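Note sheet for the following structure.
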Amino acid sequence: MGYKASSAWDKFAEHEPEAGRNKEKSHQGFGKFYAKEIEQLKKKPCCRTFVRILFIIIGILTIIQSIVVIAVTIASAIASKLFNREQSSRLVAMIILAVTAAVTISAVIYGLTAAIMVILAIIQAVILGVCMKVTTEDEILLNRSLVDSFRLAREDNPRHMKLWATTQSDLNCCGVYSPEDYRRPNLPPYFAPDVPISCCPGYDPHRSELVQEREREACKARHEFYESGCRAPVLEMFKFTCTLVLSNTILLIIFEILLAINAVMVLRKTRKHEEKEPEVPPTPMPRASLIPPDYCLQNLNKSDCEGPPTPVFSYYKPGSRCELEIWRGCPTNNKFDNEYLCSHFCIFNFITPDITTPISYEGSDQCSKTVTKNTCNDGSQNIVYTFNSEKQECLPLVWGDCAEPNIFKEKQTCIDTCTRWQDELTKLTEDEVKDIKTVLSNYFEAGTNINKRLKLTETFEDTSVLPPNKNSEEGKTTTESLGIPETTLRNERIKPTETTLTTESTVTTESTVVTESTVATETTVATEMQLLQRGQLQQTVQ
């Protein structure tokens, strides 16, 4: 046994460098997973790729422009509402533009059809044409709103006072038409008008006007207040916001139309490509499978089937790893020649074990014909077999004796003709065939050894001479009764047999297990029987 173990480890040591080389190859081979996708990317038409990239760029620009339109329309709506509440139609138009811009963002993000882009562009263009142009009537309404708001501010209305303070400070203006709007009726013209501190350059909006009273008086005395009125700047600001909304919305409409055209081009290119050649799905990227296949979860059979010790890789679920093991030829699953295959099938599992591809029949028309249930001849019916194309198996059928091709009197004939079982034998790989051959040879060798031992045991039982019972006088046989001197028998015996004779009675009376001492005992008994027969012949001759 010691020699056997040492030789096994010597063979393992010989295979160990090869296993290491396989391990290195397995680490270098993971790049093969991406090779197919890269090749398919190279084969794609350049024009179609450019159109897709252009679609993405225009989509991003459309989203950005939609956000700008939303911000501009909200700001313009707030500015219009400050002085003029009568322009409700313009306010509604601003709100609709903001909503359509938001819908545009959603359409781009969720990849909706080009028709939606065209509809949104039409709605936005109509709103711009109807509501965004500043007319003379709009200027008159704005002027009236400014006068009314200034009058309310002079009457100490808190909202309008704050509004005019902010407007005059931001636009560097004073009053509606000029600072003279703040002059009191009974005040002589050589005195400065009673302008608020917001008309002065040193106005601080974060401080109270009472605290800044001295600065206001100094500003009045020095005539440092703004000389122009706020009507013209407010009107210019109103026109500027409308122009800003108009220009940004037009730019958004252009992007939407370009995106719609580009989407149509992408759709046409995709349809043409699908009509020309069906696209083969690429090899999926390696991703760790949550549940490996069943054969990866089985334990490696490490029993000794008298095969050569072979280094193989086996998958272990704790840690999801592939370990190097020694296989001795017993039938087993979860055995791979190298770490690459173990990782490919058990860790990076691309095969769904629940989905199986049935092998359908593609043979002659005989097996694909449907059998009718008509009755012919004398109306007799027999049990025959027919091939079912849907179930891919031979099924029994009550046949009405009509001449039809898909009829077989024996099931085995149907199987041999229609199921193409011979093709299944060619689906094994070379490594699988070697493994099966090794397992079968080890199995048959083990069975042959067992049969040899059984035959030796039977021979021993037939030829062995059991020692007689000491209590019975019958059946006593001695060398002296056979006429052979005991000294002659001792001289002709071989010395090793003297030690094995003592175990003969023990083996025959206590156990029937075949061991190495049993084989030696059998040899001794055979020698003894030959000597006995020789003694009988000598006695007969004498």
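Backbone N, Cα and C atoms are what each Cβ position is placed from, and that goes for glycine too.
TrEMBL entries are annotated by machine, without manual review.
Feature annotation from TrEMBL assigns region 'Disordered' to 1-25, 464-486. The feature compositional bias 'Basic and acidic residues' is assigned by TrEMBL to 11-25. Annotation source TrEMBL lists transmembrane segment at 53-79, 91-110, 245-267. Per TrEMBL, the feature domain 'BPTI/Kunitz inhibitor' maps to 367-418.
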Sequence-remote contacts (6 or more beyond its ends) of the transmembrane segment (53-79), Cβ cut-off under 8 Å?
91, 94-95, 97-98, 101-102, 104-105, 108-109, 237-238, 241-242, 244-245, 248-249, 251-252, 255-256, 258-259, 262-263, 266
Residues in the domain 'BPTI/Kunitz inhibitor' (367-418) grouped by DSSP into helix, strand and remaining coil
10 helix, 15 strand, 27 coil
Please compute the mean pLDDT of the model over the domain 'BPTI/Kunitz inhibitor' (367-418).
78
